[in-house]
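Listed in TrEMBL:
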type: DOMAIN; residues: A:17-90; note: domain 'PAS'
type: DOMAIN; residues: A:93-145; note: domain 'PAC'
type: DOMAIN; residues: A:164-208; note: domain 'PAS'
type: DOMAIN; residues: A:295-509; note: domain 'Histidine kinase'
């Protein structure tokens, strides 16, 4: 810096102006100090208010000291060496340096040092201007950290993408399903290994051909064609389309086709992914299972039919007034009835398992169905009175036989699991767009843990396992029936306080 | 005639029962006989048609699943023959889709096993009283 312009100004001798300049210096938020280079160790001879505020030191701790106290023990900074060099050379310097407040808190100081020279060119003073740039420094550091982190993330993503691609490729290649990618004109773009293995063909006799021209034109089916041609315009996938055909090389097979639009933009836009699964064996196993079911049903029911008939014949031919024999026959009848129910339940479970539980839809009087079911139960059970409350007045559209089976099952359970009580209560009601059926018993109830499981197949509550007979499938079947009607079934119970089983079915009165 | 009376109609065989299961066959025979109607049983379905040719009954009670000659095939054959136009065919079966098969083949009625003998008796009543 050259000579202080103030030095020669007319204001310099004006005491009012001098005090104004001091006031201006004190009003600044920038710390300002002046050191006297002519004195040993270049001590501070002036500081403004902001310098105190920034450093936390007071005047007596500042005046007369060399500035180095600001670096605390952090002496080995490179910035210090640069400052020393500048001071020695009598040059301006702007530098960022780590300083410490009196409380030893680090702050970043953006320091300007200007030497003041006298007429002889000797440096007599230095003016130090300090700005606390800790906040800016922090932001800068954060920016650096964030930049690094972003770069790292980009690198990771790129690597991930590369790995995903490899991963996807390995999936595509190891998957057992045959995959074919088609362009909008249904030309084959690519196929995976499974496709080549399954159909015993090579890539060269596959890629580039129209799907319908493959093999012995096995896919040239009008219905399939229509569906595939709709995949791109409508985004409607083709699902579970089965083709039974005598294929070249591999013979008679049943193939299941699924086709989806590839939901990507850009390069891979407008492609159809066709997945082909050989379901020949699965269908054969399903057929064997179905056959077994029919046979089992037939074989179990045949002797039952004979026994039932003979028992009824005995009743017909029985001499009158034989209470002992009447009692025996009645008991036998009940056992036959039980056996018949058990066989029916087992068949129901098997049918549910194979998705063959047929739900027929007919409109029926829901309340009458419940009344009839109750009446039927009361014929065989006089231990409990079944009290019916409420009504739905619904002409319900569903499978009357199956819903009645659920109602009967729930009421029979309520009776069965509340021995020693004399009543169960049935409630009918309508909710918004639903009808509700509930049956409440006053038995020993079901604890929380078991409540979740009672609808599981073959599940039986431990504590009742040995006391009550049953396969543990009644509620499972009931849930399946209700679910297939779009409804839900559940139980509310406190152990020891009875249980309430309820189901709701969607219903809108027409 | 009053089928509930115990007078045996020994001349014309009114009812024929065909089932490959002896137990069912005997049971049905006893049921029909219990109301005093003459009945003839056949356990081997392949011999049934020949027997029916010679002597047309009023009612045929027939099972579906039988070795040699399945019930639905027999029903189809009978329904294609004007000779049996007046024959009432009651099909009994424990098959899961028995009713559909029986009715498609041309049976007049279907009862799922296990049935109540009351159901058989009411068919007897209805069919045999018609004439």
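In case you wondered, yes, glycine gets a Cβ from its N, Cα and C as well.
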Averaged pLDDT, computed only over the residues in the domain 'Histidine kinase' (A:295-509): 86
Three-state composition of the domain 'PAC' (A:93-145), taking helix and strand from DSSP: 12 helix, 30 strand, 11 coil
Within the domain 'PAS' (A:164-208), residues counted as helix, strand or coil by DSSP: 18 helix, 10 strand, 17 coil
